[in-house]
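Working notes for the structure below.
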Amino acid sequence: MYEPEGAHDDDGGMDGMSGMRKRQSGDTSAEHYGWKWQISAHGALANLLLLLLLTQVGLGVYRKMVRVKPSIRIKWLTGALTKNIHSYVGRSHLVLAYIQIVLGCIRLIDACPGQYFGQCISHIVMGGSFWWYGGIYLAYLVGSFPNVSRPERYETIVMTVWGVINFSILHQWGTRWSHADLQHTSLGLLWIGGGVLSLFLESKYNPLAQFMIRKNPIPALLIVMTGYAMGQHQQYYKFATTVHTFFGYTLMLGGVARLIQLALRPSVSPMDIRQDDGDDTTLEDEDLRVKPRTHPRPSAENVPGLANGETPVSAFFGFLSVLGVVSGGLLFQSAHEEQLNITMYYLSDASTYINWIMAFSFSSVAYVLLLTQVGKKTLAEVSAKAYNRVRTTDTEDRGASLTREDIEMSGYLADE
């Protein structure tokens, strides 16, 4: 008996019967199991990362083989070129891998549909910027950037640029202003105004420049005010309000700790000028006195393992600042509306969700600290006791050799 095509598609309202018959007849394609293969940014970036990884490994193997057997060197592929490509490709993995992880989380829970896309992007980008800010500052704090003596200058530039982006992009111009648009653009204006003031304080035209080197409070104040503003954002659900409030408190904690760190930093002078009433100085001595230093020398001796000019107490508050900013960034990334709606479907307690995010925050800080210590060598020839008590000849260069007097003193201290 002839049956028209599709006669069994309904099967009494059971949608899976048709697919079951097709699988029994040999059709085992992924679509019939409910899987959908779609092109996404996560998949495209995965292909790029795989290509960069193969390039990185290939260049590393090539450089190692050239050292062992120089005769296989390719003429146009010089040592400097391979070294630079190998270095920059390796550094790019830090940013690209982070973007890949974020895109994977978005793809996994489908948290950024069309109507929530703008808010989702603003939360992820701004929260990610706080996370990167805290991670990079942690690397600076433990001495990974010895040539950077005034990190507030770079912070100011980044905050000003980010304020312009936040003000100009997070609202679709020509459309009606929403409450969220006003909140985000007001933060952009705050960062633009504070960034301009901070840039002036970092310039040579500032009349207070000689008293405020490495003590610019504006970036820390911007973090405190941003945390307060974010903590006051009223949400429709109490769950979301609790998450935003805790995020604001953690960000304010990071900013206040940074202000305390700035206050505890040793004061420095913009020039190594020593006024002398006598006339027995030579012209060479005068030139040395008025020559500006590229990296200001702090009044206190440098502590091994910390950035130039940081004391153990100031580094303690700097580490608290890193914890606050990193935790606030991850909480803000996890607090956009659609993701909270998905979370509230499974959880009714906001504290559980906050504990999960904070646990991941502490783990990420530990991971960054681990990365900063990879490849560092310990000075086995100097005991820990002598190393902590002997001052080196050049506080700007921790690797500088000790003088004869320092060596004799270190041996004396080691024998005590």
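Every residue, even glycine, has its Cβ placed from backbone N, Cα and C.
Per TrEMBL, the features are as follows:
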type     : residues : note
COMPBIAS : 1-11     : compositional bias 'Basic and acidic residues'
REGION   : 1-25     : region 'Disordered'
TRANSMEM : 39-62    : transmembrane segment
TRANSMEM : 93-109   : transmembrane segment
DOMAIN   : 97-373   : domain 'Protein YTP1-like C-terminal'
TRANSMEM : 121-142  : transmembrane segment
TRANSMEM : 154-173  : transmembrane segment
TRANSMEM : 185-201  : transmembrane segment
TRANSMEM : 243-264  : transmembrane segment
TRANSMEM : 313-333  : transmembrane segment
TRANSMEM : 353-371  : transmembrane segment
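When pLDDT values are averaged over the domain 'Protein YTP1-like C-terminal' (97-373), the model yields 79.
Packing against the transmembrane segment (39-62) from elsewhere in the chain are residues 77, 82, 85-86, 89-90, 92-93, 96-97, 99-100, 103-104, 106-107: each is 6 or more residues past its ends and has a CB under 8 Å from a CB in it.
Away from its own ends, the transmembrane segment (121-142) comes close to residues 98, 102, 106, 112, 148, 151, 155, 158, 162, 166, 170, 184, 251, 254, 305-307, 310, 315, 318-319, 321-326, 328-336, 364-365, 368-369, 371-373 of its chain (Cβ-Cβ under 8 Å, at least six residues beyond either end). Residues 130, 134, 214-217, 219-233, 235, 311, 313-315, 317-318, 320-325, 327-328, 331-332, 334-335, 340, 350, 353-354 of the same chain lie 6+ residues outside the transmembrane segment (243-264) yet bring a C-beta within less than 8 angstroms of a C-beta in it.
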